[in-house]
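Feature annotations, reproduced from TrEMBL:
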TRANSMEM  20-39  transmembrane segment
TRANSMEM  59-83  transmembrane segment
TRANSMEM  104-125  transmembrane segment
TRANSMEM  154-177  transmembrane segment
TRANSMEM  189-208  transmembrane segment
DOMAIN    308-423  domain 'FAD-binding FR-type'
Amino acid sequence: MALSWRSWLANEGSKHLFLFFWLSLNVWLFGKTFLLYNQGLQYYYLHQMLGLGLCVSRASASVLNLNCCLVLLPMCRVLLAFLRGSQKVASKKTRRLLDKSKTFHVTCGITICIFSVLHVAAHLVNALNFSENYNEEYVTLNAANYRGEDPRKLLFATVPGLTGVIMVLILFLMCTASTYAIRVSNYDIFWYTHNLFFVFYMLLMLHVSGGVLKYQTNLEEHPPGCFNPNKTLRQNLTVPKAFEELFPDYTTEPFPEDLPVPEPFVQNGFMRVCSEEPKFQSNFPETWLWISGPLCLYCVERLYRYIRSNKPVTITSVISHPSNVLEVRMVKDDFEARPGQYVILHCPRVSALESHPFTLTMCPTDKKATFGVHLKVVGDWTERFRDLLLLHSNQDTEILPIFQQRRYPKLYVDGPFGSPFEESLNYEVSLCVAGGIGVTPFASVLNTLLDGWKCYKLRRLYFIWVCRDIESFRWFADLLCMLHNKLWQENRPDYINIQLYLSQTDGIQKIIGEKYQALNSRLMIGRPRWKLLFDDIAKCNRRKTIGVFCCGPNKISKILHKLSNSSNSYGTRFEYNKESFS
């Protein structure tokens with residue numbers, strides 16, 4: 001069980017501990033701010049008017065400031081790629097935390113949604129209290145203009161109210177479009193609504209500049225609950241005899257004989273006297289301090305990415321593979337990438353604003369400058385992109401040489417950006433599991449090993465590839481065969497263990513062609529028996545740490561994740577990694 005605990009801590013425990021810490025931090029910040037506005041003397045008069053609505057609205061606002069500040073950081077892809085490849089982040093565990101950037105982004109987004117509901121509900125109560133509890137003594141403290149004013153005017157006729165309503169609508173669109181069902185059925189809706197974040201932040205800056213909530217500035221001159229003799233006289237109230245010596249100029253009428261003298265007026269220990277009216281001032285918009293830094297950082301990065309990717313790449317060849325897979329090979333000046341990284345493709349003729357991430361299947365090296373991607377033709381964007389690249393989209397294979405470059409549309413490449421698969425070469429033993437087109441991250445790793453494997457820490461690679469149809473294996477059949485033959489020639493046949501699984505078959509059980517004979521012997525019908533596979537790998541690699549990398553369906557991912565957290569009798573520890581575009 002001790003090994004199981006360490007495996008859980010290495011794989012899932014760190015994420016759970018971080019989420020627990022993040023939840024605790026938000027709750028602590030909410031409670032701290034709540035107590036400040038509930039007990040702070042500077043908010044005494046405002047609290048008397050609004051009650052707990054003031055405390056909840058300000059406490060939720062502090063949590064929103066924190067999360068709106070940090071939700072942008074996981075989207076700084078260049079910064080994450082730099083940290084992942086920087087020598088300053090030498091710890092593998094620290095680098096693996098960067099793989100949770102998408103999880104952190106989603107966590108901040110969910111937190112924003114939850115506390116936005118609290119914030120809106122509290123301000124609805126505040127608008128009603130401003131109207132019903134209008135106080136003529138403190139005119140500057142009131143957001144309403146008179147008692148009984150329609151609260152809807154505060155929501156739709158003021159800058160804070162109107163911007164708040166619009167932000168709620170934008171947040172609702174972003175949240176609903178972020179659900180799995182919408183992202184899968186229509187990614188365009190998710191992409192366009194998510195880019196409303198810039199409008200959201202501009203409105204947020206306007207929202208906090210209204211200065212609706214005010215605090216008292218002269219606490220020393222006017223402590224809350226004190227006695228103001230000037231105010232007493234203006235209200236035509238008589239002063240008790242106890243104050244005749246202290247305020248002789250203000251004593252014009254005798255205190256009624258039938259009324260007792262209040263104790264606080266005659267006991268110096270309880271006497272609180274002031275000479276000024278309370279003065280109020282709007283809170284400084286702290287939201288600017290929270291979001292200005294991350295927003296500027298994000299904008300600078302986007303500007304840098306725009307400058308870096310404003311020159312179109314040179315497409316050298318386009319290949320149409322079986323099962324609706326398109327391969328695009330390109331060349332770009334000064335382009336460098338590491339195995340496992342991904343790029344973002346933007347084709348203006350397909351969509352003026354839309355762009356999509358694709359994992360590199362071929363990285364540039366010292367010997368060749370070509371890099372490439374494989375993309376599955378699913379959805380409107382990839383279909384239009386394929387039709388523009390191929391002269392006849394119904395042909396099985398078409399390779400267009402570079403002298404026909406004029407036929408290609410302009411294509412811009414942004415990146416590269418980091419992913420968990422960069423770590424696959426940093427383990428002594430790695431298990432790479434791919435499902436269908438999920439093989440693309442491992443293709444760049446295999447291409448890199450084909451160029452030379454001795455300079456990396458990796459000494460044994462288990463490669464598992466599961467496909468539904470036999471033709472899908474032909475995407476990288478040549479690459480697998482070349483790597484297999486190279487390792488045999490170098491007397492290292494045990495360096496890579498290739499297992500191909502055909503989950504569905506119509507009777508075809510062999511990859512067409514004699515040149516794929518090495519793969520035919522490694523092709524199996526059915527699905528992998530994952531438990532036996534893990535036990536066998538653990539037995540052959542006793543007391544070692546094995547990196548587990550998965551890119552495929554969630555069902556396979558969950559199984560591998562669970563097995564990585566399980567204990568075994570061989571002292572082997574599995575560290576789980578999963579592909580996730582940020």
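Glycine is no exception: its Cβ is also placed from the backbone N, Cα and C atoms.
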Based on DSSP, tally up the residues of the domain 'FAD-binding FR-type' (308-423) by helix, strand and coil. 21 helix, 39 strand, 56 coil
Are there residues at least six beyond either end of the transmembrane segment (20-39) with Cβ under 8 Å to its Cβ atoms? List them, or say none. 47, 52, 54-56, 58-63, 66-67, 104, 107, 111, 115
Mind checking which residues of the chain, 6+ beyond the ends of the transmembrane segment (59-83), have their Cβ under 8 Å from one of its Cβ atoms? 25-26, 29-34, 37, 89, 95, 98, 101-102, 104-105, 108-109, 111-112, 115-116, 118-119, 122, 201, 204, 286-287, 290-291, 293-295, 297-298, 301, 304-305, 341, 415-418, 582
Please work out the mean pLDDT for the residues of the domain 'FAD-binding FR-type' (308-423). 81
